[in-house]
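Visitor: Got a structure for you, written out below as structure tokens; questions coming shortly.
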Amino acid sequence: MEDSGNSSGSEASRSGSEERRPVRERLGSRPPERRPVRARLGAIRRRRGGRGGRAARQALRQRRRQQQQQQRQQQHQRRRQEADRPDGGPDAPPDRLSESARAAVSATHARVGATRVNELFASARHDLSRPVFNDGFRAAGSSPWAAVLEFGAEQFTPDGRRVTWETLMFHGADLHRLFEVRPHATEAARVLREMVLLNEGLTESLASADETLTWVKLILTKGLTLRTLDPIVATAGAVLQNLRLKLGPFLRCYLRDTPVDELVRRRRLRDVRCIVTYTLVMLARIARVVERGSSCVLPEDLGDSPVPLEEYVPGACLGGIMDALDSHKTGCDAPTCRLTCSYTLVPVYMHGKYFYCNHLF
């Protein structure tokens, strides 16, 4: 009994003396694997040189990150250079025409001649004589849209189709309904409208941009569904494509801060600075909804305004962009901009084509 009392007393004495020892000595007396994590890390830091060693390690890590970043940039630049080469890179096989490609190109002159050209034009005219079956849209004779919904009945003239905003608000729902209940005619209308839009001149293309934005504003204002199968909505991308082509030389100088490719790709409302950028961004936002396969364009696809396209006035695309061309022509320092803007507005041939050589017909 006395021995057990003495042993318990000695253990208490040792534990008390252990607690009175400095923390570093107590931890140092334990095996490394039994020390707390913080103590082990502290010991490692002390062995590596304390705070000075930590700064050196941070500098080393920073140098390694910089080296890795430089290597990634060099690899990216090397890949871009290889992609820009016609042969695809130093290890790619020689870039040359295959024998079948040579034969196909050489055989063109034996297959195509004056007779063949006349035949294909006649065939195309025949196909366009009946572009749609089931009598097209079959609009009632009393409908204000009956004449314009005919296929190939008459040539389009802007003044012949001019309507007021009030007239559109009154009769627009009827056209919207016909686009929905005549799917076969609507499909043909989408195809033909796209072909027409891609072949328009600048003035006609700007009027088509106004037609698109006016229609979108009308449908959303009336609370109707803006379907992406609607011929006017579905072809917003064609309007945008043709405008970028017709305005391309002007836009390269006019949009120096934000190139048109970047402007259209980002489609950000905060990039809008004028009617030119407004038209491009709005058409791009509509076209994007169509491209991703959505069934309809929602008001929030065009912005967070409680009134869709509240700031847009029908005709702003045509009038505003023509005014921007003239203003840029008189204000730009580039010596060629005067010619560029003038020809964009009035595309009459003056110079540029030098010969025409045709051994086929």
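Glycine residues also receive a Cβ, built from the backbone N, Cα and C atoms like all the rest.
Here Swiss-Prot flags 1-15 as compositional bias 'Low complexity'. The region 'Disordered' annotation in Swiss-Prot covers 1-107. The compositional bias 'Basic and acidic residues' annotation in Swiss-Prot covers 16-36, 80-99. Residues annotated as region 'RGG-box' in Swiss-Prot, with similarity to another entry given as evidence: 45-54. Annotated zinc finger per Swiss-Prot: 253-337, in sequence order, evidence recorded as similarity to another entry. The feature Zn(2+) binding site is assigned by Swiss-Prot to Cys253, His328, Cys332, Cys337, with similarity to another entry given as support.
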Visitor: Comparing the binding-site residues Cys253, Cys332, Cys337, which residue's C-beta has the most other C-beta atoms within 10 angstroms in this structure?
Guide: Cys337
Visitor: Which residue counts does DSSP give the zinc finger (253-337) for helix, strand and coil?
Guide: 49 helix, 2 strand, 34 coil
Visitor: For the recorded Zn(2+) site, enumerate neighbouring residues of the same chain (Cβ within 8 Å of the Cβ centroid of Cys253, His328, Cys332, Cys337, site residues themselves excluded), in sequence order.
Guide: Phe250, Tyr254, Lys329, Gly331, Asp333, Ala334, Arg338, Thr340, Cys341
Visitor: If you average the pLDDT over the zinc finger (253-337), what number do you get?
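Guide: Residues in the zinc finger (253-337) carry a mean pLDDT of 94 in this prediction.
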Visitor: Under a criterion of Cβ-Cβ distance under 8 Å and sequence separation of at least 6, what residues of the same chain contact His328 (Zn(2+) binding site)?
Guide: Phe250, Cys253, Tyr254, Cys337, Cys341
